[in-house]
Amino acid sequence: MVSLGERCSPSGRAGDLAALSELDEAALLSGLRERFLSQDIYTDIGDILIAVNPFQPLPLYGREVSERYQSLQTDSLPPHIFAVAGRAYHAMLGRRGGGPRNQCILVSGESGAGKTESAKLLLQQIMNLCKGNSQLEQQILQVNPLLEAFGNAQTVMNDNSSRFGKYIQLRFQKNIVRGAKLSEYLLEKSRVVQQDAGERNFHIFYYMFAGLSSEEKEIYGLLDPSLYRYVSGQFGTQNVAQRWKDKYQEVCNALDMVGFQEQEQVDMQTILAGVLSLGNVTFDPEESNGPVKVSEASKGWLKAAAGQFGVQEDELLKCLVCTMSVTRGEQIQRFHTQQQAEDARDSIAKMVYGRVFGWIVRKINELLAENVDPEVELREIGILDIFGFENFPVNRFEQLCINLANEQLQHFFNHHIFQMEQAAYKEEGLPWETITFNNNEPILNLLLAKPLGLLSLLDEQSAFPQATDKTFVDKLNSSFKGNLHFQPARGHVLGFSITHYAGKVQYDARGFLEKNRDTLPGNVRGLFISSVTPLLSVLFTATVSRTGTLMPHMKAKIIPGADDKFNSTRKQSVGAQFRHSLMVLMERLYSANPHFVRCVKPNSQKEPGVVDNQMVLLQLQYNGLLETIRIRRDGFSWRPFFEEFAERYAILLVKPGVSLTKESCLEILQSTELKGWICGKSRLFFKYWHQEQLAKCVERLERAAVVIQKVYRGFRCKKSYVKLVAELRAQAQSLQNLAEKERRWHLALEAEAQKRSHFPVPMPRKRHPQPNPHPSDKSQQLPVPRPRSKLKESTPFDNFLDPCVPHPVLRTEEHAGEEAEMRKIRRGATLRWFRETQAEKVVQDDGAFPSWLYGMISRREAENLLHDKPLGCFLVRISQSQPGYILTYRKVVRIWIMKIWSTPC
């Protein structure tokens with residue numbers, strides 16, 4: 001492992017990539033790749049730490065490692081997340097050459113890059129440094145399951161993606177942590193009502209379905225999860241359900257630890273169940289000049305939602321289908337269209353969930369701030385774990401806000417790097433001049449300027465009830481015509497494109513106005529304040545700050561008649577709330593000394609030891625690291641130490657035994673006739689083109705290296721090709737053998753089926769004949785109907801009546817003969833039908849027929865067999881008249897008979 005203090009060849013294995021001779025995309029990727037494959041997941045670029053997710057546990061965070069990084073001087077140690085925590089902690093105490101000052105650590109990266117884990121490690125090391133309140137540390141770490149359950153969700157890129165940003169402020173008195181505060185930013189509330197393909201709702205809904213018992217689900221009014229539209233009927237496998245069940249128990253433990261009362265937990269889960277029920281309410285198209293109506297199939301869901309919210313069903317219905325407003329003292333009722341009713345339903349669901357989440361954050365802050373003395377001046381270390389730059393196939397309002405936040409952070413990043421570079425020049429005693437760099441302030445002005453910024457225009461359009469997403473896009477096209485960073489969408493696409501610092505992003509403008517308005521029907525607030533569910537009343541009584549968070553320990557002033565006047569135009573839009581929260585965040589960051597941690601996801605398959613170069617490069621662009629390289633190039637981008645430069649370019653002197661000294665470096669530079677470089681105290685400073693000129697001097701050696709590489713790579717490719725051809729041939733032969741084997745198997749099956757096509761027909765089951773008590777008398781008497789009495793010595797397999805009893809003669813012998821012949825023909829046809837189509841289906845594995853099948857017997861014989869049997873006994877016989885079965889069933893008064901013409905299962 002190469003430590004920070006060691007300087008090696010420019011192969012990229014140095015701990016600080018900013019010290020490489022070649023600082024471009026190729027060198028950066030090569031350095032990160034080589035270090036990652038050697039399990040060096042941390043790399044410095046100046047004062048910026050790059051953390052590559054290893055997707056496997058590594059022995060990098062034990063007690064011994066933590067103690068090594070607790071010293072003030074860590075320059076001789078390899079890059080590590082603990083080193084960032086140590087620099088921030090000692091700088092906060094004023095031990096790094098300056099006075100005590102608040103610090104902040106910015107952790108960024110795309111979903112699945114390891115931001116949350118990095119934030120945990122930073123917090124752990126800071127607690128180890130101050131040796132303070134370990135209980136507070138455990139409390140902060142234990143509320144993580146709670147935040148993840150309500151703020152994380154499965155996306156196409158990450159199964160546990162944070163859908164909100166959080167900023168944790170650790171407050172210190174001298175060197176001991178005394179409290180903490182959590183701030184949340186831009187919860188993705190739209191996920192409650194809509195998820196893209198392959199994504200899920202917030203984890204808590206699935207945890208509840210998996211973790212609640214049947215009795216608890218009945219209490220909360222929860223049914224099968226496949227019935228709910230807001231969770232898209234997705235639930236997962238049994239293993240996933242068990243994992244969710246365990247997660248639900250963690251959430252319950254966190255709720256108890258934070259201090260939530262039992263009734264509060266019950267109310268919270270009942271409200272969440274109400275959100276799901278509300279999502280199943282649908283509407284029928286409105287009639288002419290009439291209100292929209294709730295569909296007949298969803299009236300039960302409306303009733304369930306009203307009960308779970310603790311409000312009257314008719315009042316909740318009014319909030320969905322109409323809007324009440326007051327104009328000049330007169331109440332005006334406006335009926336909704338079907339789309340407006342659906343928007344009102346979704347808006348209520350989003351608002352309720354957002355307030356539940358804000359209430360949870362407020363309760364957490366009440367616990368973490370209980371040991372803070374307000375009269376004592378405290379220092380802070382803030383840890384920002386926020387979403388990275390996003391550019392999806394479909395980008396919506398949420399992506400615009402997220403990318404706006406990243407634009408602000410990139411501007412802050414550039415400002416900080418600019419200052420740090422000037423400090424480096426001053427330290428080396430360079431006569432430096434102002435460095436110019438690509439400032440992204442024009443993009444920020446495009447988004448945030450007043451009154452003609454994008455968010456201002458969005459608020460302006462949101463204030464007009466008749467405005468649509470199309471009018472908003474038209475307004476943007478006319479306002480930003482000619483702006484280099486704005487581009488209208490082509491064709492009939494309702495959208496626009498913005499060229500951000502990390503690239504061009506095309507936004508889908510559909511839903512921008514509705515999401516920005518976050519329309520809450522006018523009388524909903526008053527309805528929920530009067531709810532019999534205490535928690536719901538508290539949530540809508542609390543005051544909402546300018547940043548969109550719930551104000552602690554405060555209640556809104558209820559004015560008579562104000563409930564009817566409450567509508568979306570009288571509250572701040574989502575864009576305005578996010579702009580204010582971002583402004584507060586930037587004020588905190590600018591008042592502190594920043595430290596940067598850029599998390600990188602090496603591959604999308606979450607495989608250890610695998611690096612996708614294109615994916616890593618894309619993330620470096622989103623994190624702004626390539627922009628940092630450009631800033632470095634505009635200054636003195638190449639800053640090798642004397643030893644490094646002499647070792648690499650000693651060959652240019654064409655003599656052996658060149659010493660690695662400052663004098664040797666000056667001799668090499670004089671031989672090349674380069675101009676514009678500067679010699680510092682310990683290193684040389686070059687412009688980027690100096691490397692190109694020096695490259696020409698060693699071009700001959702590079703050509704030789706290219707020839708060697710060409711021959712070697714050709715050999716490797718040929719070897720790989722031969723191996724691949726052999727594998728393909730073997731695979732083709734294997735497939736051919738498999739096909740032949742399958743063909744033979746099908747032939748065997750057909751032969752076996754043909755053999756089994758001639759199954760025997762079940763013969764009637766006979767019984768023992770009974771003696772005739774008066775044979776001579778009966779031969780001279782006319783036949784009379786035989787009473788259905790219990791037969792002596794009968795068995796379930798008797799198939800014939802007493803042969804001694806003569807059959808009644810009701811017709812002539814000619815007619816009887818014809819009828820007998822017809823019966824014989826029908827019986828033969830039925831037997832053929834059974835043998836050809838039914839025998840194989842009803843025969844058992846042992847070759848016998850089931851006990852309930854009594855063959856071809858008459859109705860009288862079937863009745864005699866069931867005459868003395870218990871109620872419910874039955875048998876099935878083959879019809880004598882036509883193909884089919886007849887079921888004979890023993891009831892209370894008589895024997896019940898039913899024909900079955902379909903094939904039995």
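Every residue number used here counts from 1 along the chain in the order it is shown.
Even glycines carry a Cβ here, placed using N, Cα and C.
Whatever TrEMBL says is automated annotation, not expert-curated.
Lifted from TrEMBL, the feature list:
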- G109, E110, S111, G112, A113, G114, K115, T116: ATP binding site (BINDING)
- 12-699: domain 'Myosin motor' (DOMAIN)
- 852-884: domain 'SH2' (DOMAIN)
- 582-604: region 'Actin-binding' (REGION)
- 756-797: region 'Disordered' (REGION)
Least buried by Cβ count (within 10 Å) of the binding-site residues G109, G112, G114: G112
Distant-in-sequence Cβ neighbours of S111 (ATP binding site), under 8 Å, six or more positions away: T155, M157, N158, S161, S162, F387, G388, K601
Mean per-residue pLDDT computed across the domain 'SH2' (852-884): 84
Neighbours of G109, E110, S111, G112, A113, G114, K115, T116 excl. site residues, C-beta within 8 Å of centre, ATP: N53, N158, G388, C599, K601
Neighbour count (Cβ, 10 Å) for T116 (ATP binding site): 19
Other C-beta atoms that fall within 10 angstroms of the C-beta of K115 (ATP binding site): 26
Under 8 Å by Cβ from A113 (ATP binding site), same chain, sequence gap 6 or more: A51, N53, G388, C599, V600, K601, Q619
Helix-strand-coil residue split for the domain 'SH2' (852-884), DSSP-based: 8 helix, 6 strand, 19 coil
